[in-house]
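Colleague: As listed in Swiss-Prot for this protein:
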type	residues	note
DOMAIN	1-131	domain 'CMP/dCMP-type deaminase'
BINDING	Ser31, Arg85, Tyr128, Trp130	substrate binding site
BINDING	Cys57, Cys91, Cys94	Zn(2+) binding site
ACT_SITE	Glu59	active site, proton donor
Amino acid sequence: MAPEPLSAAGQNLIDTATSVINGIPVSDFYSVASAAISDDGRVFSGVNVYHFNGGPCAELVVLGVAAAAGATKLTHIVAIANEGRGILSPCGRCRQVLADLHPGIKAIVIGKEGPKMVAVEELLPSIYAWDKDYDRI
């Protein structure tokens, strides 16, 4: 599946996450915002919670916010770093969780030509399918 050019909905997600992160005072604890859209058009946002013993990335916070609101399928997601650092590609853990919980979701990432939308499965080659590891279940 080829990457898609940025859509109006994708730009809306970038704008939403940028607004969220720009509205938070500069902090070592909240440095990334994320926004996602559900298949029914609702937009959800959240921020990471950094702590030295670990904490959720912004994308994972958004998954929880969306689930709490009853969203069952997210179609697109983006993460924006603070201090003008812009779009971040999801980390490996987030890629795996996104692929497991929302198969087919597209992440907005930066390409050579600017932002583009890419299926998360393409960002995580040879994806681990935990539900297919029958020897472990």
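Including glycine, each Cβ sits where the backbone N, Cα and C put it.
Given the structure is predicted, the values throughout are model-derived calculations rather than measurements.
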Colleague: Count the other Cβ atoms sitting within 10 Å of the Cβ of Arg85 (substrate binding site), across every protein chain shown.
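Modeller: Looking across every protein chain shown, the total is 11.
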Colleague: Tally the residues of the domain 'CMP/dCMP-type deaminase' (1-131) by DSSP class, grouping H, G and I as helix, E and B as strand, and everything else as coil.
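Modeller: Secondary-structure composition of the domain 'CMP/dCMP-type deaminase' (1-131): 42 helix, 37 strand, 52 coil.
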Colleague: In angstrom units, rounded to an integer, how far apart are the Cα atoms of Cys94 (Zn(2+) binding site) and the residue listed as 'active site, proton donor'?
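Modeller: Computed Cα spacing between Cys94 (Zn(2+) binding site) and the residue listed as 'active site, proton donor' is 7 Å.
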Colleague: Beyond Cys57, Cys91, Cys94, what residues of that chain have CB atoms within 8 A of the centre of the Zn(2+) site's CB atoms?
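Modeller: Residues close to the Zn(2+) site, other than Cys57, Cys91, Cys94: Ala58, Glu59, Leu60, Ala79, Pro90, Gly92, Arg93, Arg95, Val97.
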Colleague: Which residue, out of the binding-site residues Cys57, Cys94, shows the minimum number of other Cβ atoms inside 10 Å of its Cβ in this structure?
Modeller: Cys57
Colleague: How many Å separate the Cα atoms of the residue listed as 'active site, proton donor' and Arg85 (substrate binding site)?
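Modeller: Checking the Cα atoms of the residue listed as 'active site, proton donor' and Arg85 (substrate binding site) gives a distance of 16 Å.
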